[in-house]
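Under the heading transmembrane segment, Swiss-Prot lists 29-49, 55-75, 102-122, 124-141, 146-166, 169-189, 216-236, 239-259, 271-291, citing sequence analysis as support.
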Amino acid sequence: MYTRLLQSTTRLHPRAWDFIQLMRLDKPIGIYLLLWPTLWALWVAAEGVPSAKNLFIFVFGVILMRAAGCVINDYADRNFDGHVSRTRARPLASGKIQPREALVLFAVLVTASFVLVLFTNATTIWLSFGGLALAACYPFMKRYTFYPQVVLGAAFSWGMPMAFTAETGSLPPEAWLLYIANLLWTVAYDTYYAMADREDDLKIGVKSTAILFGDADRLIIASLQGLALLCLLLAGARFELGVWFHAGLLVAAACFVWEYHKTRNRKPMACFNAFLHNHWAGLAIFVGIVLDYALR
């Protein structure tokens, strides 16, 4: 139903679907993976009762910035995507959208996001420039380093300190435990994503943690996920979260075990499905946080 609704926009303009695909609005998994951790931080910062204004700002800010990230990513990869089986049909790689049009769209999305941030406070506004820098840099990192997933993790986690400053006007040291947890988790699930493209990436010279980790990939992913859970446990102790939060962590841990099992043969589709499955882990942790505050 969601996809059909998006496809109906072609009635408004024949190229609308191309731009929807460029922003990946037809594939909301990236929105979820960015949204859940941002909401973890917002709920914890507000002790379970975030303001309606901030909830609106961060939900729509996530949607806009994820779309902007996809646009600049495809712009950076436009000469690579045509050589990768999974990405060769993307609008920029296939020529349906021109690079100049993509840059204009990126500027519009970033501007809209910044307008939302203007309704917060000075600290959050200043922090937003760091998020923009990370989002703009990430797509180019795979040309120069085997750690682009770390930059992605930093970018995907940046909304968390912003949520704290928007809600409370301050950034307590323990908030960085949430940030580090999400960074580690992002590196883990995006390595699964990179494993799906590893053979194509090796041919075209693109770098990733999947290539760097080699045969130790699944073991390192499991270790990163374990460290992420440990950071969340420590953060939970500092923020005095209780049984429901810990129940959410247990569900997330079960998700990680399932992913480890399903990727034992390292088949590309299994790795891609493991990446997608992380949405449920993030949701479980969010539900745990919400229930922990709501049922006190």
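From the backbone N, Cα and C atoms, a Cβ is placed for every residue, glycine too.
Residues 33, 37, 40-41, 44-45, 121, 123, 149-150, 152-154, 156-157, 160-161, 209, 221, 224-225, 227-229, 231-232, 234-235, 238-239, 274-275, 278, 281-282 of the same chain sit 6 or more residues outside the transmembrane segment (169-189) yet have a Cβ under 8 Å from a Cβ within it.
Outside the transmembrane segment (124-141), and at least 6 residues removed from its termini, the chain residues within Cβ reach (under 8 Å) are 65, 68-69, 72-73, 75-77, 110, 113-114, 117-118, 147-148, 151-152, 154-155, 158-159, 161-162, 165-166.
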